[in-house]
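> Reproduced below are the annotations present in TrEMBL:
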type: BINDING; residues: D283, K293, F330, K344, K348; note: CTP binding site
type: DOMAIN; residues: 10-181; note: domain 'Flavoprotein'
type: DOMAIN; residues: 192-402; note: domain 'DNA/pantothenate metabolism flavoprotein C-terminal'
type: REGION; residues: 1-194; note: region 'Phosphopantothenoylcysteine decarboxylase'
type: REGION; residues: 195-409; note: region 'Phosphopantothenate--cysteine ligase'
Amino acid sequence: MCIMESLVGKHIVLGITGSIAAYKSAYLVRALIKKGADVQVVMTPSAKEFIAPLTLSTLTQKPVVSEFFDRRDGSWHSHVALGQWADLMLIAPASASTIAKMANGIADNMLLTTYLSMKAPTFVAPAMDLDMYRHEATTDNLNTLKSRGITIIEPGNGFLASGLEGKGRMEEPEAIVKHIEAFFSKSQQLGNKKVLITAGPTYEAIDTVRFIGNHSSGKMGIALAEAFRDAGAEVTLVLGPSALPDPECVHCIRVTTALEMLAASERPFKECDIAIFSAAVADFRPKKAFQGKIKREMQQDPLIIELEPNPDIAATLSAQKRSDQLTGGFALETEVNVLEAQRKLKSKQLDFIVLNSLSEAGSGFGVDTNRIRIIDKEEKDPIVYPLTDKKEVARQIVDFVVGKQAHAY
Ligand code: PMT
């Protein structure tokens, strides 16, 4: 049984601003890393007056980001990539000036551009003297941030209540970490649920060295397995040939062919609450795989490979579905063909289907992004999502499933 530290695998962007409390950031980074988080520090230029970037890059084992360009080689630091990478952004300490700029959408340093591109929830731990903190401009700015869903961590609303005299002072690092842990454990909406995911391609042998396959990398299915795991589910991932490593704390069964994928999925399907079929399964396999390598010289006439159909894993398992189980599939189309996806949804007896199309740039095989439409068997119109990172797409699918589950009970 794999025990996850509460922040294992969580990507946290830690923004540090120019405040005397910046010295506490080193303790904060250490505490986050100890809980298993992967931390990327982004500093404002004035933060560097208070704490050396070297201290932070040594702790995180990653270069600190503070400029738009790397001074050494001129390479561009992408705030957009950081916004997509992060599961959470924490700005601690957050000075009055940074809070004011955040409230007003000012983007004159790397930390602020990262904040404006952030796709993940943001937490702010203010740090300033009491008069600045009490000023109505600061109060207004903090209220603006709150109204945008940003969580403000202050002494007194924390786990280590420090009394009113602490206002304006940055909350202690251990208490900040407790806030972050509480946030992630609240998002464990699928605790006690078992989830089966099929992913990747299948390879069907023509001879000992050749196969029929497709371009699936396994990225989408692995992102799904991680997103369901992060929502508290116990996940079994049946994964076809993929160069990617097994995701942490997921029961990963590696298979090669469609027949193996079906066999490996049968038992976990019986035990699961939710099954998502994201694999790109070869619909046909050579009737007989040639032992050895077929040589050009052996062929007088055109080479004919006789194919036979593979089982449809999604349809076979969904046909055995209990009323308390939820099944979802994917439809990969060359056009945005909602009607075809609806046909697959019905014929495979699925509860929902996720349509992605190769005609939309950045979608489908191999790439890190995807654009999906979810078609629910109960609804007429698809839910249309924007193009985004596959990790975010996976979270969108988890949210959809959580919504369906809430509806079911
Ligand atoms: O792995 P990546 O590079 O990240 O790419 C992700 C992806 C494009 C492979 C993924 O997003 C996706 O679209 N997966 C489904 C691919 C597919 O084969 O779609 P389909 O429309 O042919 O199949 C419809 C459904 O039936 C799918 O849920 C599929 O898993 C299932 N199926 C199909 C055939 C079969 N023999 N058995 C099945 O279970």
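Note that Cβ sites are derived from N, Cα and C of the backbone, with glycine treated the same way.
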> Please check the binding-site residues D283, K293, K344 against ligand 1 and give me the ones with CB under 6 A, sequence order.
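Only D283, K344 meet the Cβ criterion.
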> Tell me the Cβ neighbour count for D283 (CTP binding site), meaning other Cβ atoms within 10 Å of its Cβ, over all protein chains shown.
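Result for D283 (CTP binding site): 14 neighbouring Cβ atoms inside 10 Å.
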> Restricting to the region 'Phosphopantothenoylcysteine decarboxylase' (1-194), report the mean pLDDT as a whole number.
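Across the residues of the region 'Phosphopantothenoylcysteine decarboxylase' (1-194) the model's pLDDT averages 89 on the 0 to 100 scale.
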> What kind of secondary structure is D283 (CTP binding site) part of, going by DSSP in three states?
coil
> CB neighbours of K293 (CTP binding site) within 10 A?
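Its Cβ shell of radius 10 Å holds 11 other Cβ atoms.
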> Give me the long-range Cβ neighbours of K348 (CTP binding site): same chain, 6+ apart, Cβ under 8 Å, in sequence order.
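Listed in sequence order: D312, A314, A315, S318, G329.
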> Which chain-mates of K344 (CTP binding site) that are at least 6 residues away have a CB under 8 A from its CB, listed by sequence?
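Spatial neighbours, sequence-distant, of K344 (CTP binding site): G329, A331, L350, I353.
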> Should K344 (CTP binding site) be counted as helix, strand, or coil on the basis of DSSP?
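Reduced to three states, the DSSP call for K344 (CTP binding site) is helix.
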> Give me the long-range Cβ neighbours of F330 (CTP binding site): same chain, 6+ apart, Cβ under 8 Å, in sequence order.
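Listed in sequence order: M220, I276, F277, S278, I353, V354, L355, N356.
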